[in-house]
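**Q** Below: one structure in structure tokens.
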Amino acid sequence: MTALVTDQPWAVRAACAAKEPDTLFVRGAEQKSVRQLCLTCPVRLQCLTEALSSEEPFGVWGGLTERERRALIKEYPGVSDWWEWLRDSQDEVAEELRSPEPPKVIGRLRARRRAEGQYDVKSLRSAS
């Protein structure tokens, strides 16, 4: 979540609400510390919902990087209500995203495609 999102009621409760936006829009290894902050956030799923619904192209939101969010959107094109999906879905990825552990979305989606015989490296890389 960014400090720029202030029009959402949940945003004031975000763990990053007082952080400078530049500290949240990072790349590479710096994303790890932002993700850790997200895992402590009481509104992590609302933040992730905002990013997925608006297809936010930058920053770490709800504990996911841009690359992970793109892969998730590509994998679930039929999801019209990300909040409902994140909150209620029995899908293993949704369950993982609800857990307080660091998500491994890209790896899980690759494993799923391998198991279904649909593994395509280029497809997942294009989500990145």
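Using N, Cα and C of the backbone, Cβ positions are placed for all residues, glycine too.
Heads up, TrEMBL stuff is auto-annotated, nobody curated it.
This is the feature table in TrEMBL:
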type	residues	note
BINDING	Cys16, Cys38, Cys41, Cys47	[4Fe-4S] cluster binding site
DOMAIN	15-71	domain '4Fe-4S Wbl-type'
**Q** Fewest other C-beta atoms within 10 angstroms of its own C-beta: which of the binding-site residues Cys16, Cys41 fits that?
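**A** With the binding-site residues Cys16, Cys41, fewest surrounding Cβ atoms within 10 Å: Cys41.
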**Q** Determine how many residues of the domain '4Fe-4S Wbl-type' (15-71) DSSP places in helix, in strand and in coil.
**A** 32 helix, 2 strand, 23 coil
